[in-house]
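Below is one structure, written out as structure tokens; comments come after it.
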Amino acid sequence: MIIHSSSSNSKKEYTMADDFITTIDSDDEVSNYGEPSALPKIKDDELDPDFQFDLGGGRSEGLDLWGGDEVQGVKKGNEPINVDDIIERKRGKPIRAFKDRKRKRDEDATSEDDLEEDEEEEGDSNDDSDAAKSGDSEEDEMDVDMSEGDGDEEDENEIESLKREDESDEEEEEEEDDYDEEGENEVVDSDSESEEETAAEIARKDAFFSSDPTTTDPTLPSSFTAMNLSRPLLRALTSLQFTAPTPIQARAIPLALLGRDILGSAVTGSGKTAAFMVPILERLCYRDRGKGGAACRVLVLCPTRELAVQCEAVGKALAEKGGLDVRFALLVGGLSLNAQAHTLRTLPDILIATPGRLIDHLTNTPSFTLSALDVLVIDEADRMLEAGFTDELEEIIKACPRSRQTMLFSATMTDSVDELVKLSLDKPIRVFVDPKRNTARGLTQEFVRIRSDDSRSPSLLALCKRTIREKCIIFFRSKALAHQMRIVFGLFGLKAAELHGNLTQEQRLQALNDFKAGTVDYLLATDLASRGLDIKGVETVINYDMPGQLAQYTHRVGRTARAGRKGRSVSLVGEADRKMLKAAIKQAEADQVRHRIIPSEAVTAMKEKLEEFKDDIQEILKEEKEEKLLRQADMEIKKGQNMVEHEAEIFSRPARTWFQSGKEKQASKSAGKDAYVGSFPSTGKSAEKEKEKLKRGKYDGLSRRLKRRKMAIEEDAADAAAARKTEMGIRAAKKNALPKKITEPQPRLEKAGKGKDKKKGKARRVTGGKGSAFDSEGKKSHEGMRAKPAKVNLEKGKKKGGKGKGRK
């Protein structure tokens with residue numbers, strides 16, 4: 001096809017394709033592809049051969065808690081003291097995590113293999129004589145390598161321990177066995193000791209609780225789409241890989257959407273947080289969005305700050321993935337009060353708080369109330385009902401409206417009417433999923449018998465050095481013991497972090513993030529970390545000592561084997577822990593209980609090494625204490641400077657108030673601590689000492705002569721006390737016989753045989769006049785003796801004049 005194009009300059013003919021359409025009388029477009037240009041050439045992007053389409057529709061790898069930006073927004077203070085720096089100075093070597101040590105060993109082994117291959121190639125290319133010489137040199141190099149390996153004792157021991165790791169595991173697996181028949185008989189005997197509910201208690205519970213309609217409903221929802229949830233929320237659940245609801249979610253979510261009060265209980269790691277967060281977000285999708293509709297509608301109470309941070313992360317993940325316009329506010333200690341008060345002025349939809357900080361804002365933050373609250377959720381409700389939280393919880397309940405919906409969740413939820421009646425529930429429904437089981441199915445519980453408390457720490461170190469090398473949480477009874485064991489772990493070359501109440505909020509969150517990221521292998525914690533925390537990848541939980549309550553043991557071992565995964569718990573059991581051991585075995589299945597035996601040689605070796613580090617531990621603790629005192633002094637100096645420079649501003653601020661007095665607050669705190677400490681069993685030594693004190697008499701162990709002498713001394717002392725008592729009685733009688741006041745008359749002594757004066761016992765009534773200076777009793781009696789009124793005749797002896805008398 002030939003197209004003629006006309007222009008003012010010239011005519012040209014172009015051969016074009018059949019489907020080409022042009023404009024008539026258009027200007028010629030001359031393109032010179034071969035001429036260079038001053039502009040840089042833009043290369044077309046090449047296709048990536050490894051490109052793959054995302055068939056998941058924007059799905060993530062699931063809800064991954066911790067390891068993110070939890071530390072951001074925490075109130076920054078002075079830089080905390082890093083104990084690892086002090087330990088590294090003592091050791092002379094840095095403390096590395098297990099994966100870093102393993103990576104270094106793999107790199108060293110790879111470099112050695114490459115070196116050997118190069119030497120073999122050179123040996124093959126040479127002559128026979130040269131090969132012989134090279135063989136001698138190789139032997140010399142091997143000798144040098146061996147000598148160098150002997151120089152670094154730590155690396156050699158680590159390599160040998162890695163080689164023996166499989167062997168030791170096999171030996172320990174052979175030593176693991178079920179408990180004997182005697183232990184099973186003891187467990188059976190404990191069944192008869194357990195208290196049974198009386199008929200009156202059952203009747204009270206039937207009247208207090210409402211029946212659960214989901215227990216008899218065979219058509220429980222097997223997917224989230226069957227729950228009539230909104231599309232944004234379904235999209236969020238799908239993107240977070242929540243494919244099917246767990247049993248607690250399938251039963252609790254439909255009831256929560258109906259606005260019923262719920263008591264939810266299920267095993268640890270079964271998704272209880274999503275069970276109350278999903279219906280909350282669904283209800284907030286249909287809230288009033290008008291100008292006057294903004295209000296704080298949901299309150300989630302948590303016993304610890306870390307659990308509150310985790311609940312906020314779950315709620316924010318669901319809201320962001322679903323594109324929901326829901327705002328959260330985190331009210332916990334350790335964060336800035338002013339920032340939280342500013343957030344509360346914007347009226348966020350969901351408040352996630354700890355009780356103390358919430359009451360602080362209710363008392364001191366202007367215009368903040370809970371009058372518009374629709375839903376109240378108490379996570380780990382059994383802990384919130386214990387001593388230490390009861391007063392604060394009652395104060396929060398008073399601030400909430402009666403028409404609210406209340407949901408309580410815990411793995412060890414109680415159904416005691418006496419405790420739940422404080423929360424003003426409205427016909428609550430018990431949603432207890434598998435109440436006979438409190439531990440996960442994938443959990444294997446192992447118990448190690450400890451003969452004496454002196455072998456407890458060496459047994460723990462032997463266990464960590466031989467078998468359990470990473471992703472392990474170790475629970476301790478006290479904060480001081482957890483800190484001391486962190487120093488011991490550092491001296492043994494084990495990378496550990498601590499988590500307890502003596503740390504700042506920044507240190508606590510940083511420890512959780514480091515443990516999640518694998519920077520540290522062991523998390524040494526108190527019961528602060530036993531409830532609710534969901535840390536992905538925890539393989540083992542070790543109980544350094546058994547807790548005082550079975551519920552606390554359940555929450556401790558529940559940090560592993562979560563969401564259908566496998567896990568194991570190892571508990572060091574002493575003689576004082578036999579009762580708790582029976583209870584733990586009773587609630588577990590027979591195939592989940594194992595008896596682990598740690599070789600005595602390993603425990604003895606660790607005990608000897610621990611004795612060598614005893615002085616180093618004391619020096620590190622002393623150095624840390626001195627550093628803390630220096631920082632405290634600097635802080636006091638800085639505080640004084642601020643008081644001088646900003647005195648007017650500081651004193652102009654309104655004082656923060658509390659709903660309790662100082663004594664009441666301290667009493668509440670002491671009650672919680674006493675309840676926690678009192679639940680632990682007493683050690684064997686202290687119990688024996690108490691028995692000795694009760695049995696030992698005051699004459700036990702004395703000879704016959706000393707016994708008589710002691711008895712005579714006691715008799716003389718008793719006689720002297722009686723004589724002194726008699727003398728004191730005589731002195732008191734003489735003192736009472738004296739007049740009470742100098743100006744008062746002495747009482748008359750009655751003669752024998754005369755009758756008693758009837759008016760003697762009557763007190764004379766004195767009125768008027770001011771009190772005497774000597775009147776200490778304030779009776780206002782007159783001074784001196786007062787005579788009776790009488791007429792005085794001044795003309796004695798004279799005759800009175802009268803009418804007609806005396807006149808002559």
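Heads up, the Cβ atoms here are built off N, Cα and C, so glycines get one too.
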Of the residue ranges 47-50, 379-382, 507-510, 575-578, which one carries the motif 'DEAD box' annotation in Swiss-Prot? 379-382
Ranges 222-250, 280-308, 454-482, 512-540: which does Swiss-Prot label motif 'Q motif'? 222-250
Given ranges 27-46, 607-626, the stretch to which Swiss-Prot attaches the annotation region 'Disordered': 27-46
Under DSSP, the motif 'Q motif' (222-250) has how many residues in helix, strand and coil? 17 helix, 0 strand, 12 coil
Near the Cβ of GLY271 (ATP binding site), how many other Cβ atoms are there if near means within 10 Å? 21
Is it possible to get the count of other C-beta atoms within 10 angstroms of the C-beta of GLY269 (ATP binding site)? 22
Within 10 Å of the Cβ of ALA266 (ATP binding site), how many other Cβ atoms can be counted across all chains shown? 26
Among THR268, SER270, THR273, all listed as binding-site residues, which has the most CB atoms within 10 Å of its CB? THR268
Neighbourhood of LYS272 (ATP binding site) by C-beta distance under 8 A, where only residues 6 or more apart in the same chain count: ILE248, GLY264, ALA266, ASP379, PHE409, SER410, ALA411
Looking only at Cβ atoms, how many others are within 10 Å of the one on VAL267 (ATP binding site)? 22
